[in-house]
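Q: If you scroll down you'll find the structure; I have some questions about it.
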There are 2 protein chains.
Amino acid sequence: MRIQKLDRNSRQNLLEDLLKRSPNNYGQYEQGVAEILARVKEEGDAAVFAYTQKFDHALIHSGNVQVTEAEIKEAYNQVDDSFVGIIGKALHNIRNYHEKQRRYSWFDSKPDGTILGQKITPLQRVGVYVPGGKAAYPSSVLMNIVPAQVAGVEEIIMVTPPGKDGKVNPNTLVAAHEAGATAIYKVGGAQAVGALAYGTESIPKVDKIVGPGNIYVALAKKAVYGHVSIDAIAGPSEILVVADETANPRYVAADLLSQAEHDELASAILVTTSSELAIKVSEQVDTFVRELSRGEIIQKSLDNYGYILVADTMDEVIEIANDIASEHLEIMTKDPYNVMTKIRNAGAIFIGEYASEPLGDYFAGPNHVLPTNGTARFFSPLSVDDFIKKSSIIGYSKEALALIHEDIEAFAEAEQLTAHANSIRVRFEE
Amino acid sequence: MRIQKLDRNSRQNLLEDLLKRSPNNYGQYEQGVAEILARVKEEGDAAVFAYTQKFDHALIHSGNVQVTEAEIKEAYNQVDDSFVGIIGKALHNIRNYHEKQRRYSWFDSKPDGTILGQKITPLQRVGVYVPGGKAAYPSSVLMNIVPAQVAGVEEIIMVTPPGKDGKVNPNTLVAAHEAGATAIYKVGGAQAVGALAYGTESIPKVDKIVGPGNIYVALAKKAVYGHVSIDAIAGPSEILVVADETANPRYVAADLLSQAEHDELASAILVTTSSELAIKVSEQVDTFVRELSRGEIIQKSLDNYGYILVADTMDEVIEIANDIASEHLEIMTKDPYNVMTKIRNAGAIFIGEYASEPLGDYFAGPNHVLPTNGTARFFSPLSVDDFIKKSSIIGYSKEALALIHEDIEAFAEAEQLTAHANSIRVRFEE
């Protein structure tokens, strides 16, 4: 794995390299996605089924688009009981964590009759996109459904592309059923996003669409933003390890590769103050790559977006960590909580040598749907917050309004909004 | 004002009419906006200044693009001291309300060494768009800046288009200074959004862009979503009054007009169980329209999107209120808090006959930047939440990981992610 000195040049190259992976760079697909969405909006089911035949090579129609109870039973028959048990344990932890994110309506009252507040209401119906094929991850099903359920969403509609045989991956179905999806439809791609955004004869319109997908799904979500809400636009996965000389090079190397294996656009970066660690990690990476089943993907990903950077000071390490704003950030230093306090930008922060990134992917409880590609500067992990909305509450008495009515009228007049002023004035005209 | 019976037909017509106002219907401007953004990204200041000359007819360059302290002083000289005082009182209430929205980092620990948490970090730098010209509303300046400030944002960059003389409305400047903008630039339109999203020689790149604007600004914000975060996409203003026979028709009429005066796309709707109230409100509206200075705009807005609907029952009234999902919802009934409990979708809910909508626009404290055009189904008022992001915190001990390491490995293997499994396994290989 390449080792570089962290300096102005390597820093600049790295940051530019990483941004090449952005879903913002695929404008050339926008027109195609727009056509799919327009046709789904116009023709509904007919368009959705035609695209499913074209892209997924599956014959789906109104009679088989929704997954039946019999299909879910069949999926349970195909999945090991022990795996169902593991899903149950993971769900327990994920629910516990997300329960702590619950929001409550509040109000503040004054004895003059003033009541101000913020009312929390769950979204009524949401769509969860789940990729099919080689990226069919049951853990993602859990991570997208649980926060919606904890928020109190009544209808959680899952969509996922079928295989050529018109079937859905059994692990996906079992995970969806365990997590509590209320309906599952066998559609994928931009056409599934269109169906959820506009509604079709078979598939209900939702309030928000969440879940990862390929570039077509990402662009479709962005295009329907405003008709519905969406979660953050997901890019390729990434890990950044911040380490000093106390880190175990074997653990660091293994953790870097856990993200590099995702796909060739994934990024794995170590930034360290120890050149000795840098060399040992690089050697250990080479050993692992030879041993691991996904060695080929890993090697491509490392060649493209893998870096070991050696910095002079921990302050420099922290500075570049904040510039990169990584999806996953591991801190393996002698005083990791101290370093954590200085991290502004990261999706999830893993602290200490036993907080390995895959612990967060599957089991610890925090959500694994995280901001990627530098968007941790402004986006957050998927959470219960994504599935609620707020309404302001304003109650006033005549007594309370009387104290300020002239100020409000003057403010409205200053903005030349005379009907605004009038609506206050009429209450005090006698 | 037109009065209709609430039935399937009038309901359908109304909902379709309202959606015609959606910013989603202006795809024809997307290409022009994309060109402006691309040129600003490529050419920076030069493009921004050229567009400012073209659209705002103002000569702006790097020497005068940022508002100076002298210009702020000059603005104070032009604004009444009494108005500065009123701004101060409004700010006090707005800050108090938003202080209650503050979020805190939390963690949960177990004696086996597990620490899970959620770290809250303010965004570092945000951009606030403030319209110029006839829609220069100092109240909007306060409402966009205060939540950012309460959240702890270090740099609050305001942009607003200059007049032909290269100056900014003095009320806007005074409001910005009182609220705490850290820098103000004289640029507007899609070019200002591009400058904030990509950064130019004069204008710094931000993490999020908020604030209302015309259709070009709205489309530009949507286009840069992902490079930066944005607030909800704003549409024309609207008010929905829910009332029974106990409501004061003069108050209802005055409040309807307070929104109708905004522009010709604004919508003002009364839904009531009382046909007597309907008639009285309609008459009172006619009287007011003749008296008010913005009568012409009001009349057009009412002709386009103004309705009085008479329903048989309060349940029907509530149902259509939830379907409309209005930006502003006033409840003037005998038991308004009871009705409030049944409202799922509304930006702000005004309760009782003294909670007139303009009270919320200027003074009560809750934010007046609210979801419009049915998006209250999934969007929320602008709040402190818009100016923070979250990072998950995951700390584990060897002891804690030991209890579950085999489950994690099995889960990763089930997803065929062998490097994920490996990263856990190496920690227990001796």
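Glycine residues also receive a Cβ, built from the backbone N, Cα and C atoms like all the rest.
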Q: Would you identify which residue of A:Asp207, A:Asp361, A:Asp385, A:Asp386 TrEMBL lists as part of the substrate site it also attributes to A:Ser237, A:Gln259, A:His262, A:His328, A:Glu415, A:His420?
A: A:Asp361
Q: Applying an 8 Å Cβ threshold (strictly under) against chain B, tell me which of the recorded positions A:Asn214, A:Glu327, A:Asp361, A:Glu415, A:His420 fall inside, in sequence order.
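A: From A:Asn214, A:Glu327, A:Asp361, A:Glu415, A:His420, the ones near chain B are A:Asp361, A:Glu415, A:His420.
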Q: Compute the C-alpha separation of A:Ser237 (substrate binding site) from A:Glu327 (active site, proton acceptor), stating it in Å without decimals.
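A: Answer for this pair: 7 Å between alpha carbons.
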Q: Using a 10 Å cut-off on CB atoms, tell me which of the binding-site residues A:Gln191, A:Asn214, A:Ser237, A:Gln259 is the least crowded.
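A: Selected from the binding-site residues A:Gln191, A:Asn214, A:Ser237, A:Gln259 on minimum Cβ neighbours within 10 Å: A:Asn214.
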Q: Distance between A:Asn214 (NAD(+) binding site) and A:Glu415 (substrate binding site) at the Cα atoms, whole Å?
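A: Here the two Cα atoms lie 47 Å apart.
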Q: Restricting to the chain of A:His420 (substrate binding site) and a gap of 6 or more, list residues whose Cβ falls under 8 Å of its Cβ, or answer none.
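A: Non-local contacts for A:His420 (substrate binding site): A:Ala412.
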Q: Between the Cα atoms of A:Glu327 (active site, proton acceptor) and A:Glu415 (substrate binding site), what distance do you get, rounded to the nearest Å?
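A: So the Cα of A:Glu415 (substrate binding site) lies 45 Å away from that of A:Glu327 (active site, proton acceptor).
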Q: A:Glu415 (substrate binding site) has how many other Cβ neighbours within 10 Å of its own Cβ?
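A: The answer is 19 other Cβ atoms.
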